[in-house]
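Feature list (source: TrEMBL):
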COMPBIAS  10-30  compositional bias 'Low complexity'
COMPBIAS  1073-1090  compositional bias 'Basic and acidic residues'
DOMAIN    138-377  domain 'GPI inositol-deacylase PGAP1-like alpha/beta'
DOMAIN    737-1039  domain 'GPI inositol-deacylase transmembrane'
REGION    1-53  region 'Disordered'
REGION    1064-1090  region 'Disordered'
TRANSMEM  65-84  transmembrane segment
TRANSMEM  735-756  transmembrane segment
TRANSMEM  768-794  transmembrane segment
TRANSMEM  800-818  transmembrane segment
TRANSMEM  825-843  transmembrane segment
TRANSMEM  888-914  transmembrane segment
TRANSMEM  934-957  transmembrane segment
TRANSMEM  995-1017  transmembrane segment
Amino acid sequence: MPPTRRHPAASRTHASTSAASSGTESAQSARSVSLPGPSANPDAEPTSRPKSNPLATLIRTHIPLLLLLLFTLAFSLLTARSYFTAQPDAPSCVMSYSRPRFVELVHFDANWTRFATKYKLYLYREGGYDAFDEGYRIPVLFVPGNAGSPKQVRSIASATTAAFVELMATDAGAAVAEGRIGYDFFTVGLNEEFTALHGYSILEQADFINDAIRYILALYPRTRRQHGAAFGGAQLALPTSVVVIGHSMGGVVARTAFTLPNHVVGSVQAIFTLATPHNSPTASLEYYVDRVYSSINRFWRHGFRQGTLGDVSLVSIAGGNLDSMINSDYTYVGDLAPEANALSVLSSGIEDVWLSLDHQSILWCAQMARKFASMMVGIMDARRPEQLVPLEQRMRVMRRALYSPLDLPPGAEAAAVGEEVVSSADYRYAKLYDDGVVSADLPDRNAGGGRAGRALHLIRVGGRSGQKGPPGVLQVVHAMPRGFRLLGCQPLNATTASDGASSAQGDYSCTSIDAPAEASLPMRAAGGEPAMDDPRLKYLDVPVAGLLDRFEYVGIELATGETGHPGFLRAGIVDGVEPLVHRPGFLRLLTPYTISAEWQGAGGGRVPGVRTQILLDVPEDPVFVFRASLGLRRGGVGKAGGRPRFGAVVRQSDGERRFESKFFYGRDAVDVAVHGRGAYKPSDDLVAAADGTGDVWRGVVLDVWVDAEYYAGVDVALRICWYSSLNRLVKRYDMALLALSFAWACLVLLHQLRVWNQGGGRGFPGCLAVVGCLVGNGALAGMVVAAVATAVAQGAVGRVVGRLWGPAAAAAWGNLFMGVRGQGVGALCVVPVVLVVVALGLVAVEALVLTAVCSAAAGLVGCVSRRFNRRFADSAPRERPQSVVRPVVATVAFVLFVCTFVPYQFAFLVIYFAQLLTTIRTMAEAKLGDRARYQLALLLFWTSSLPYCAPELLVWVRNLGVLWFEDAPSDHNLVNMAGYFALRMLASQGVVPRLGRAVGGVTYAGMGMSVAVAWLWGVRRPYVLYSVGNGVSAWLAAVQLAGHVGRQGKAVEAIEMADVSEDGYASDTSDGVSRRSADTRLLPDSRKMR
């Protein structure tokens, strides 16, 4: 019986499928023929082969990849542990409490702002005090930050209200007469938007803030008239400005409001920001965020220079080490505004706070709220239209509130303010210290004679035996409950002994000296119990240069009262506080670097001081944490029962910059963590530096206070604490990991395409195999060398670039890669090397996870398809040709959806998940064949673009909740997803064709340029990498489309040029038209037809 034959049309329909299947079947047949079966030669002896362990073979062939994964895992776990357990500071905040009540201002509607349906304005009222539900005092507007709530104002508002009530309790009439009438706190509800990730939301909120300020100021003409009786007829001015308090990104929103057209000039005179990243965004995942930062920082720099912001004060308070949400380096505003208008400070240096604060506790911490409230009460003045004291006085009050007297600029010489004649008989006792040192305990309250609780200690100003020495400094450290009074005295008829401490008899003409403010030193560790009843030590420096010609003695009058509390005082005139300057290099700090300071036994009658200052001339490097171990050398048993009067107090500061300071008490070792200004700088900073006003970094200053009568010296052993330094990498180099991971993903795909293009029977390589190859073939070592070379070249060539092309070019050069401002050798070399290796490890982890997930899903799909007795790959009938209508309609609908409703970031997310499903389906069909590896390679490459879509998606979903459909203009740009979409549609048809020499060269060059962009610019502006990935995908889509068209053309040409096929076709082209006559054997019943 002859074989059954099919119709020619059916044969043509399945030509390509038959060819593929026949090729596979023939290959399988060939393999089955070439492999002899067990009965092929029964007489042959069996060949013995050594059995190999598959696991050992796998490990042996993947040693580089396994080492990379182990290093990445260990480094990640160690960094996470350091981040959560090795912070230099411990949280010690006290919870604050309030009785809040919020009144929504419903009349602030669409007539005032176009955001009335999206944002809300509220008035805070403190329960038990605020009786009226409208504002009539001094207006304050609170702007919450990233995903912030309007209720976050309650702690600051409650503390400020309590401070004002306390002020009114002392003298209400005088307070009102001075314009101190209290504050009305307004707050805005901003839909808890993610402004840290979305720049367009910053612009919208700033627009709303300007409208809210205009509405608030419009309320006061009526409310001031209505509630004028509450002020006792005081002459008050109508407010023309609002005080703005911004938390986190709320401070950026407040500064952005100045740049918008609807801003009323003069409507804001004071801005207070809490934990606000002013200089740079915390995560540059989106273009608009970087654009907003650049525009507002440029506006503010030039605004102060041109005088448009001359009366505006800007205060930035940051939490420091415990703030894990932002990098406190970016809160420094010294580069944005002059010192006359701005100040920056970390909470660890604020007196009576002395704590590092996390991102949220800076709002509710009781210590911080009380200090902030006292500052706010000190600057109010409702007699002026600005409702605040003048700028110069305002800055003076804020500096005294936020700065330690140790941080204030050195003032004038001590001034004499009043003169009187005193006699030694007026005191319980009077002593003269001819050696220039006073060491006194609290006078015995039961001592008889003289005035109760008064004692006089005199120090010779000119030194021993009346010899005039060089001008010095009077150092005073004490813990006296009632303080002391400083006098400048001349003897009238006094008689004294000449050596040591002796009784001073007679009369003296003394003048009260207006000494500088005392600095408080904490006498307890953070969160610990106080060492004394009053948990602070007082210290001050008094220049005596102006006293030499007027007074022979400096007098210290002590008063004890009847408290009976212990106390002490030590004072001495020293030559001055000259710092011990040390310049330890990075390599030297790998081992302990010891610094020794001595003040006793040096000979020459040197007066021992209580304060020792060490200047570490190190780069402004915020990466490494230094461990300073203290060793106090005992020099003799002093008073107080052979024990020192107080433990060692250590203060870390940044000198003249006055941004960061921190105290440590009673600790043998302290962690010195520096906050700089960030690694990147605008060109304006270099212009200011050229004028001598830009860079005020001189190093890290360590001040040590010890009982110099008990100790003879101190040794400080300094070294780098690697473990504590790891946690500082998280917020400083998270964007660098994203950029370097993208660069490695490009290199992985580039290597895969290069191997695939070589042909020679090679298949498309897998992702994990390529990562292991990059480790083993020297690519990782080359990238490590490139990282070090780039960083070193930036630092070395930057000065030359600045001299040749100016500060702007030098800034642009220095801002490449990871930046160079303040970076030492360690940060320039060690950190990039570690990040390059870890970034490749993260890519390997991504590849491993994607492979495991897709393989597991493919196996599950295969099980389900076998369960129901149908194959996953043949779910659609083969006998019916696929229609192009459905994909065309789906594509058109998808494009229209992106153009009108959803942002392109959502479209990319859909494309990514579609590619994930395609990869799973391909692996279910052919396991890890060439096509499956290619689909997985694209999935891995696109994974590096996912983070840049998250900000817009989060904001878009939140806007849907309030029915707000206005998006940024660029959110519906089809070009931003065209490359991904085109490659997704074409890649589903098969593997990219093998590239020719020209196309391959262009492809390799383009992907190499993508790596260079990620390397040089991606760290600072990582959002550009999404567009780079889109461009690479577009090029691969074009290559794949060209290959697909070429294959189709060759197939058609082969069919047309066929002579007579095996199925009985003949070709007749005599008239230019191809005609085929069918052999009668094609039909099963052809014989019957004949």
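Note that Cβ sites are derived from N, Cα and C of the backbone, with glycine treated the same way.
Just so you know, TrEMBL annotations never went through curation; they're auto-generated.
If you look at the transmembrane segment (995-1017), the same-chain residues 6 or more away from its ends with a CB under 8 A from one of its CBs are 739-740, 742-743, 746-747, 749-750, 753-754, 757, 786, 790, 816-817, 1024-1025, 1028-1029, 1031-1032, 1035-1036, 1039. Counting Cβ pairs closer than 8 Å and at least 6 residues apart in sequence, the transmembrane segment (65-84) and the transmembrane segment (800-818) reach fewer than three and form no contact. Per-residue pLDDT, averaged across the domain 'GPI inositol-deacylase PGAP1-like alpha/beta' (138-377), gives 94. Counted over residue pairs separated by six or more positions, the transmembrane segment (768-794) shares fewer than 3 Cβ pairs under 8 angstroms with the transmembrane segment (888-914), which leaves the two as not touching. Beyond the ends of the transmembrane segment (934-957), by six or more residues, the same chain brings 193-194, 197-198, 200-201, 283, 285-286, 289, 738, 741-742, 745-746, 748-749, 752, 764, 766-767, 843, 846-847, 850-851, 854, 902-903, 905-906, 908-909, 911-912, 915-916, 918-919, 922-923, 967-968, 971, 980, 983-984, 987, 991-992, 1022-1023, 1025-1026, 1029-1030, 1032-1033 to within a C-beta distance below 8 angstroms of the stretch.
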